[in-house]
Amino acid sequence: MSLELSVVVLAAGMGTRMKSAMPKVMHKVAGKPMVGHVIGTAAHLKAATTMVVVGPDMPDLIKAVAPHPTFEQTDRLGTAHAVLAAKDGLKGLTGNVLVLYADSPLFTAETLARLVAAREENDHAVAVLGFRPEDPTGYGRLVTDAMTGALTAIVEDKECDDAQRRINFCNSGVMCFRAEDMIATLEAIDNANAKGEYYLTDAVEVAQKNGQSCVAVEVDEAETLGVNSRTQLAVAEAILQNRLREAAMADGATLVDPGSVFFSADTKLGRDVIVEPNVVFGPGVTVGDNVVIKAFSHLESCVVGNGADIGPYARLRPGAEIGAGARVGNFVEIKKAVVEDGAKVNHLSYIGDARVGAKANIGAGTITCNYDGFRKQHTDIGAGAFIGSNSSLVAPVEIGDGAIVGAGSTITGKVEADALTLTRAERIEKKGWAAKFREKMRELTGKK
Ligand code: UD1
Ligand code: MG
């Protein structure tokens, strides 16, 4: 693959079978809209331009694919018609134009590169990615020349005669065109067929008539899944998760129970990371080397430094930055906060809008009270500070380096470095009071 590559992504369908208010291709797999996966694959192939054909009234989709140009297909008149909606973007292109469906997120960059290379090899007009399903019903059949193996036609299911219907080599939907004559080819396609649609697949016959050659390249069926329903969305999710698990392990992470770990497409794990069972990575997580993420932890949009220890049952929310060697233990929630190197927040805490200085120790049950119903306020805890258990830090709070806060305190304002601060009600002790109380209550109620 050496010529220029442009990509047209078809995303005009609403996907009625999803029963959703959202365009089908905005539904997420591995934490990313389906259309984002397809655009990501195009980027991986270093596509010079990626154009997206959208349907009417899809502002969220247009926003999601920005800055890639979008073209609206107003009436749904078939796949060739959909590609031609991007005609203004196709003009003047050279090399290859790859047509992808936004609802088919599983094609790998390697497979698509293989298709493009096959088109380039003999300067074919069209290269088509085919697969062999057990049941070919519903797919366009790839008709090949028995002698040369050349692709001579694609016949849509509804147009097949009996012999063609028995062909099990099918069109995956992915097609690569020679850019220079693509518009002319597509404009020669008519809609004289069973569905009255402009079939993109008729490009093969048009090319034949013009004395041009076409080729088919085979791909594993697993890559071809198109998502039309929530059930197929779940199948796509499962396939992608398995790929992400395999990739994480191939890159040097241990997954104790791979099937119970859920990744996002952009999760980054360092070397010698250990991920225990039932861990979920939302989008935007970067984990350093030698980190242990214990069971039942949930991470999203956060950074975990080398050698940190997370969980079990930890929740790292957006903006959490955990330093090297730091510890975040069970039932601890961290949001938009920096926990610096070697700091410990081990039990039952909420740390939000805060900095926890290096090697500080946050006692069990400590809460940063960051919200007054109107504003979020910041808590700053100095290096080496010690916050006693069950303390409430009512932001804005500033605790100096090395300061100690007594357990059970409610702290506001500023605490000097190296000071001891505590807020506690005076202790009262009444000798024998409890025994007398019980005696009186027994007399009163008759209970023993
Ligand atoms: C298409 C192929 C068929 C192939 C199958 C693989 C054609 C004529 N047929 O059939 O050979 O085996 O995919 O799944 O291309 N779309 C638009 N605008 C339109 C029509 C379709 O954007 O006017 C989009 C759809 O949203 C979808 C894709 O194009 O993402 C394919 O359309 P669909 O109607 O599913 O085509 P099939 O009949 O499945
Ligand atoms: Mg389809």
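In case you wondered, yes, glycine gets a Cβ from its N, Cα and C as well.
Nobody curates TrEMBL annotations by hand; they come from automatic prediction.
Residues annotated as active site, proton acceptor in TrEMBL: H347. Positions annotated as UDP-N-acetyl-alpha-D-glucosamine binding site by TrEMBL: 10-13, K24, Q73, 78-79, G140, E156, N171, N228, R317, K335, Y350, N361. The Mg(2+) binding site feature in TrEMBL is assigned to D103, N228. Annotated acetyl-CoA binding site per TrEMBL: A364, N370, Y371, S389, A407, R424, in sequence order. Residues annotated as domain 'MobA-like NTP transferase' in TrEMBL: 7-147. Annotated region 'Pyrophosphorylase' per TrEMBL: 1-230, in sequence order. The region 'Linker' annotation in TrEMBL covers 231-251. As annotated by TrEMBL, region 'N-acetyltransferase' applies to 252-448.
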Surrounding residues of the region 'Linker' (231-251) on its own chain - C-beta under 8 Å, 6+ positions past either end: 18, 27, 29-30, 34, 37, 105-106, 222, 225, 258-259, 261-263, 265, 267, 269, 271, 275
Closest of A12, K24, G78, G140, A364 to N228 (Mg(2+) binding site), Cα positions, binding-site residues only: K24
Those binding-site residues in L10, A12, G78, D103, G140, Y350 whose CB falls under 6 A of ligand 1, listed in sequence order: L10, A12, G78, D103, G140
Listed binding-site residues among A12, K24, N171, A364, A407 whose Cα sits within 10 Å of H347 (active site, proton acceptor): A364
By Cα-Cα distance, the member of binding-site residues D103, A364, N370, Y371, S389 nearest A12 (UDP-N-acetyl-alpha-D-glucosamine binding site): D103
Where K24 (UDP-N-acetyl-alpha-D-glucosamine binding site) sits in the secondary structure, as DSSP reduces it to three classes: helix
Neighbour-count leader, CB within 10 A, binding-site residues: Y350, Y371: Y350
Distant-in-sequence Cβ neighbours of G140 (UDP-N-acetyl-alpha-D-glucosamine binding site), under 8 Å, six or more positions away: I154, V155, E156, D157, C170, N171, Y199, T201
Cα within 10 Å of L10 (UDP-N-acetyl-alpha-D-glucosamine binding site) - qualifying binding-site residues among D103, A364, S389, A407: D103
From R317, Y350, A364, Y371, A407, R424: binding-site residues whose CA lies within 10 A of D103 (Mg(2+) binding site): none
Residue among binding-site residues N228, N370 with least C-beta crowding, 10 angstrom cut-off: N228
